[in-house]
Amino acid sequence: MKVQDLHLDYHLVEDILKAFLFNELRKFGFSSVVLGLSGGIDSAVVCELAVRALGRQNVLGLMMPYASSSMESLEHAELMIKKLGIQAEEMPITPVVDAFFSSVPENQLLRRGNIMARTRMILLYDVSARDGRLVTGTSNKTELLLGYGTLFGDMASAINPIGDLYKTQVRGLARHLAIPEPLIVKAPSADLWEGQSDEDDLGFSYEAVDLLLYMMLEKRMDKHAILGQGIEEPFYDRVRKMVVRNQYKRMMPVIAKLSGRTPGIDFRYARDWQEVR
């Protein structure tokens, strides 16, 4: 099995995701969105889809750099802003983040990264409240399955059009959407500290893990069959452990059931049935 097996009909994917954005916004009673523009491929793809679905006047991009953020990230975010002609604001997070960092040791990179991600989430939701825009997420399927993201940080949003696309599929969609090539070919990075890269953090490439996840989820192959495809056992075991261990990140908070009608369990009226007022 090869990574090419993950290829999709990206014309169809585009149509489905544009309809998703348009219809979900209507159901929620919104007409515009706000999203973080990091300069990476995921936010670029979501921004492009939002403009095609809603019109550029209904899309606001926030650039939220920290002092150590790379200039390349800002340049690539601005490249998308100019390409699409959307509204954009730059809101540096350095003053807020540094107030937290004063009590977090420099070698605690995970804690510091989480603080940065959650600070950006606060800004996105504040702009949502200010302007009446729906916060749109940019986490891809690979990140969500592996738990490679910050709970109530970059994983927080009201809707997410690319959450069922593996990273390699996001790249394929990006080429279909004519996203600028520099954003597609650069090494993926959350840009949480200088020199940080996703694949260095994870210890494997997106191509390798996407193929493994595809076999585990979409093909529903067991361990024996997957190892028969040339996947090394330690790699399989590590990825499976990450998927299982991070299930809590893919769920709403679990509620202890005490009554006959519990929110999120058996009190679940579909919002589609309700008239938006």
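Cβ atoms are placed via backbone N, Cα and C, with glycine included.
Quick look at what Swiss-Prot lists:
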| type | residues | note |
| --- | --- | --- |
| BINDING | G36, L37, S38, G39, G40, I41, D42, S43, T138, K167, S189 | ATP binding site |
| BINDING | D42, E143 | Mg(2+) binding site |
| BINDING | R118 | deamido-NAD(+) binding site |
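Features recorded in Swiss-Prot, as mapped to the structure shown.
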residue	record	Cβ contacts under 8 Å, 6 or more apart
G36	ATP binding site	S43, G61, L62, M63, M64, R120, L124, T138, D154
S38	ATP binding site	S73, A77, T138, A190, D191
G40	ATP binding site	S73, H76, T138, L183, P188, S189, D191
D42	ATP binding site	T138, S139, N140, I162, V170
R118	deamido-NAD(+) binding site	T150, F152, G153
E143	Mg(2+) binding site	G149, M155, K167
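Of all the binding-site residues listed here (T138, S189), it is S189 whose C-beta has the fewest other C-beta atoms within 10 angstroms.
Residues listed for ATP, G36, L37, S38, G39, G40, I41, D42, S43, T138, K167, S189, cover a largest CA to CA span of 18 Å. DSSP classifies E143 (Mg(2+) binding site) as helix under the three-state reduction.
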